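Here is what TrEMBL records for this protein:
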BINDING   B:E43, B:C62, B:I369, B:H419  Mg(2+) binding site
BINDING   B:C65, B:C416  Fe cation binding site
BINDING   B:C65, B:C413  Ni(2+) binding site
Amino acid sequence: MATKKRPKLAVWKFASCDGCQLSLLDCEDELLAVAREIEVAYFPEGFREVIKGPYDISLVEGSITTAHDAERIHKVRRMSKTVIAIGACATSGGIQALRNFKDVKEFARYVYPRPEYISTLSKSTPLSDHINVDYELRGCPISKVQLIETVSAFLNSRKPNVPSHSVCMECKRKGNICVMVAKGIPCLGPVTHAGCDALCPTYNRGCYACFGPKESPNTGSLSRWLGERSGMKDKDIMRSFRGINAYAEPFRKESEAHE
Amino acid sequence: MNKTIKLDYLARVEGEGGLTVRLKGDEVVDARLNIFEPPRFFEAFLRGRRFSEAPDITARICGICPIAYMMSSIQAMETGFGYHVDGMLRELRRLIYFGEWIESHALHIYMLHAPDFLGYQDVIKLAGDFPEIVERGLKLKKLGNDIMTLIGGREIHPINIRVGGFYRVPTKNELNSLSDRIKWAREAALETVRWVATMEFPDFEQDYEFVALRHPEEYAVIEGDLASNKGLSFPISAFEEYIREDHVKHSTSLQASVRGRGAYCVGPMARININFEKLSALAREAASEVKFGPGCLNPFKSIIARAIEVVHACDESLRIIEGYQMPEMPSIDLTPRTATCYGCTEAPRGICWHRYRVDEDGTILDARIVPPTSQNQRAIEDDLLHFVRKNMALPEDRLAWLCEQVVRNYDPCISCSCHYLKLKFERDLDGDI
Ligand code: SF4
Ligand code: SF4
Ligand SMILES: [Fe+2]
């Protein structure tokens, strides 16, 4: 055991809710086995000891919202062979990117009694705006299955098996009845990246796109459908695209078209 | 000689924080919990959203206790609009909330806090010497997650919780499928109580003011009035009158008295101190077996309080499942109205208080959220100060280790607290990566 050199894993946090890194501690069945294969070298949420870099894999949660973090992410990049962005915050700026459409100074005054104590950037941005990211895992939160698959793929120098089609496709595969067609429930499934196994429609609810846009989504045609068939007003369509992945480009453009 | 005990990055807490204790000669001059989690401005961007979006948005304040945020915002909207969701829908809400308690408490007891007491760096190292114990903890934690997943669709940021109820409700059989494992968990929780009670607790007590929800029939989780062990008792809508920290400008006499008393403490210790007699019989027995109960003022023993709450959560979950009948409708229909809406529920770490102003279309005009950890911050700092004062003679390493433990006693969730942070904000502490 001690003779075999285990790859080193680091887990970093930027602006986030901790949910994506919690997914790792939520792998209760796998945790002890994984820790035999991989050396958890830096993961302050769960581990006190810090083992120096460089690291083979860095999982990075959270978006960049401060000048200090904009520097820190470069340090993480320099110390890591592979950087995997985990979750909506890290891949699109997350829900905190709603500030990007407003005046962040007003936000600070609104929330904090002493706004002068707060130093923050006007935009919340994904890691890929700052560094070269080796892989992005979507979702708010990420899927545990995809997380384990991706880490083991990188450790074995193969491509992760993570499909890039839409939530709609997952529904079809599962044999779900379409909530939009059958019940007129507005659903962003047609433009949303797969990964959740069509969770919301399975629970009788429309998708709110927590996995962000799929590749080349036809947001315009979905908006027309939402307007004509579900009777949604521009304001509501705008809000639908301006959610957890508001700053992902296709969603940003579509929400701006309905402002 | 002046010295400083400083930890730039506090491990095994959720979120980013550090602590600093400054000593001048033999005098402790300052103790601080530094929080450098970047602000995310939830209250600001909630404005202009629909009331129905509040649960999914506020869930993202914290991935460790999303249900608490969802439930507090839901309660606010429903009561504000004049509705009360009852019967089985209410029972399901309590059940999924207990799932979060079990998960979060098991995580803290086994993975974050126990290593402190037993002198390990982390749970993996603990598992090296005590594999069965750690496996029990992980299994318990997973069961909490599975309760949340069954009802909520997933454990982190569940998708099946809405203002008015749920999108889809489980069948009786689906819930029954958890019964055997919850029965196992109840036993495991009892074992947990016995196990944590054997740990060595530093001799340290503080004269806390504990604040928790209180309910006439239940060990309050999803609704109640607020109460303290020092005589406070008020509806959640009066929160801002009674509970105000240093920033208060206008004040009533009642505010002044609270301000005069200073720090207060929320969470498992507060709940047990205020609501002990509402715990399930089994949980009370477990407590008396290890000689724990109301009146306990040693914050290190919060690990026992958490374990007892896990017994209660399992016990109640079983009771809910037994009496469950699938409701006909997964939710009630609601019409919004102009209102100021208040919600407050017991997150694993203590009360999570929300206030919204909503217009007649159901658009949120104004929001304020007070999470548990920001309420405990002053109590944490007071503990640090007094603890170091009392234990100056200890070797520095040992003292630093114990200081961390003092903070971890509160299971602080810094992701939660940061977005409403009133504490001194020290940017220069996070210079290192
Ligand atoms: S993507 Fe969602 S779950 Fe993950 S850290 Fe961000 S807010 Fe939390
Ligand atoms: S259906 Fe959409 S909103 Fe629901 S979990 Fe999947 S991606 Fe997220
Ligand atoms: Fe939290």
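Cβ coordinates come from backbone N, Cα and C, glycine included.
DSSP gives B:C65 (Fe cation binding site) a coil state; it is part of no helix or strand.
When each of the binding-site residues B:C62, B:C65, B:I369, B:C413 is scored by how many other Cβ atoms sit within 10 Å of its Cβ, B:I369 comes out lowest. For the pair B:I369 (Mg(2+) binding site) and B:C65 (Fe cation binding site), the C-alpha distance works out to 14 angstrom. Here the Cα atom of B:C413 (Ni(2+) binding site) is found 9 Å from that of B:C65 (Fe cation binding site).
In this structure the alpha carbons, written CA, of B:C65 (Fe cation binding site) and B:E43 (Mg(2+) binding site) are 18 Å apart. DSSP assigns B:E43 (Mg(2+) binding site) to a helix. A 10 Å cutoff on Cβ-Cβ distances gives B:E43 (Mg(2+) binding site) a total of 23 other Cβ atoms nearby, all chains included.
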